[in-house]
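Heads up: the structure comes next, in structure tokens.
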Amino acid sequence: MLQLPLVVTTQVDLVLVLVSLLAFWTRLSRLSSPNAVVFDEVYYGQFVSLYMKRVFFIDDSGPPLGHMIMALGAYLGEFDGNFVWNRIGAEYPSSVSVWSLRLLPAVCGALCVPLVYLLTLELKFCHLSALGASALLLLENSLIVQSRFMLLESLLIFFVLVALLSYLKFHNHPNSWFRYCWLLLSGASCAAAVGVKYMGVFSYLLLVGVASLHTWNLIGDRTLSVCVQCVCRAVCLLVVPVLLYVFWFYLHLTLLHRSGPHDQLMSSAFQASLEGGLSRITQGQPLDVSYGSQVTLRSSASQPIPCWLHSHKANYPIRYENGRGSSHQQQVTCYPFKDVNNWWIIKDAGRQELVVSSPPRPVRHGDVIQLVHGMTSRFLNSHDVAAPMSPHSQEVSGYIDFNVSMAAQNLWRVDISNREAESESWKTIMSEVRLVHVNTSAVLKLSGVSLPDWGFRQLEVVAEKLFKAHSSSLGWTVEEHRYGTSQEQKEREAELHSPTHIDVDRKMSFWAKFLELQWKMLTVKQEDSEHKYSSSPLEWITMETNIAYWLHSSTNAQIHLIGNPVSWGVAHLSLLAYQLLAAVYLLRRRRGLKDLPDGVWAQFVCLGCVCVGGWLVNFVPFLLMEKTLFLYHYLPALCYLHLLSPALLEHTHTHLLRYTHTHSPAHRSTHRHALGVCLSASQLQALKWRDSWDILYRRR
């Protein structure tokens, strides 16, 4: 029977509420100050503006979820994207809601504090240790600074902590079916972490490793359905993250449907799928390349700058500077600009016509063709003459008959590398073809080497034997295409400026765009340049570096990303202490001496897997990277050490110093000193604790 009155009781952790409120106060208080672009806001702000305008871009530093989250904040603040992100320190106009731009990173940064509190409890340590861990994150000035601006690290750390907390809640409550909701949340958070920055992969692999060990231990338990347990874990931690990772890109590509500044990094098919840009040029082009078609051929290897097969009325020099001779025939190059000299005509080798017949006869895989340069009528030719800059390859030229013993060799076989059938026709934009020289079996390719002044610094095109050439440099794509109707040269030259249109429906599937975008993000890298504030991973540990984020335009007010040397020193001493303690425990257990009960030992090992393992997977990879690194790359690893320090102190006090009931005076003094540091000296000179720190001074 229902009993009245209905009573609901709940427990509120007031300490958790307090640290949460303090976290939001430190991260969100005066969030609009300074009202100017701060450090990498100049970089991420450009992407936010492009989202607001639905313009496509590619960021080779990571996936799009972090950008979309910041764009959501901009959308909530009614930002229209009309701001020029051209320099650090530029003032935001009154029409830009700076608070909303920085809101979501700040909220995530604030939530990291209570998450660490709860995570410490799930590691089965006491509330005092949880308070200590949350206080370290709460007062860590480097984390406060990084959270208060439009930057990605607070988002990454937030999702990593949610993933770990959710998995531990799943693991620590084995008798509840609701636990699988925690497991699902853990997998989703892993996908979000990877979706913000590829650095999230490190923590994701750590979590999968811990889950694999737990699953292995379950196999020996005959009271459980092992198959069900394994399937649930595999679905939530493997399948769900992959699906969500793909979903982030689906949202990204759905939102960004307009042509933009990064189009040239993508294939012709990808560009044609966007509104504006290449799609305006290619709209209504004939789909099938036929005999008599007028085409431009873009090299698949021309990245990041595109280039097209090109020729002009200039010949190779009779002799090069090194004394080697040439054919002295017309130059064939690859030109990185749209130009009328990029047009070529597909000719049937057995016929004289240079126009498309009615009905058109499509060119198919395996057909032998000739390529005629539209503006000069020279045939694309190759022969056993060394290329100008690549002497181990054959020269490619526009054939000129000089009445010498050098016959024309201008037959090329069409090889469609991405064909689905042997008789497939050559498609505009969609087909990637290799042009194989019939006489020598060499393949037309872009060498990528710039020609000297006599070649107008254009890129060299050669023919190279197939077994020597890299497959990625052999492909060519028809980008612009029209059906030729003029047989006479002058009429044809005029025709090249007036394309015909035949409506066709040509769309690129999401999966094709997703895979191409993934490949570009992983392979097309911007050139790394030395930065004033770049640093090495070892400098992060010793705190020998800082980053000046912002300097006031008229005063010495400035913002720096810099850690507290005291808390960083304690964190790294805790790391060393754990490793030494673990080594002693393992040696003694090997000799049959168990200093810790099994439950305490399991807790100690779990602490090491999460905290020490988390530090290792987020620090060691940077030692192997050849890229420009900054201090903020260390912040995810640092969070693991701040989680470790209070827990290790509790373990030491409880199990090694169990007869000591009071803290030593030195210990209390250290904490007072750390607090004093946070509250002391406002003068710039006094704040410069290390000579290697770069504190800015404005001359009056």
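Placed from the backbone N, Cα and C atoms, the Cβ positions cover glycine too.
Automatic prediction, not curation, is the source of TrEMBL annotations.
Here TrEMBL gives transmembrane segment for one range in the set 125-144, 625-644: that range is 125-144. According to TrEMBL, the feature transmembrane segment maps to residues 201-219, out of the candidate ranges 182-200, 201-219. Same-chain residues lying 6+ beyond the ends of the transmembrane segment (125-144) with a Cβ under 8 Å from its Cβ atoms: 13, 15, 19, 22-23, 26-27, 109, 112-114, 116-119, 154, 157, 561-564, 567, 571, 603, 607, 631-632, 635, 638-639, 642-643, 645-647, 649-651, 678.
Sequence-distant contacts of the transmembrane segment (599-624) (same chain, six or more residues past either end, CB-CB distance under 8 Å): 123-125, 164, 199, 202-203, 205-206, 209-210, 213, 537, 575, 578-579, 582, 585, 589, 633-634, 636-637, 639-641, 643-644, 647-648, 651, 655. A Cβ distance under 8 Å defines the sequence-distant neighbours of the transmembrane segment (201-219), meaning residues of its chain 6+ beyond its ends; these are 160, 163-164, 167, 171, 186, 190, 193-194, 226, 229-230, 233, 237-238, 241, 609-610, 613-614, 617-618, 621, 636.
Across the domain 'MIR' (286-349), the DSSP tally of helix, strand and coil residues reads 3 helix, 31 strand, 30 coil. Away from its own ends, the transmembrane segment (566-587) comes close to residues 136, 139-140, 541, 543, 595-596, 601, 604, 607-608, 611-612, 615, 638, 641-642, 644-645, 648-649, 652, 670, 673-674, 677 of its chain (Cβ-Cβ under 8 Å, at least six residues beyond either end). For the domain 'MIR' (360-417), the mean pLDDT of the prediction comes to 91.
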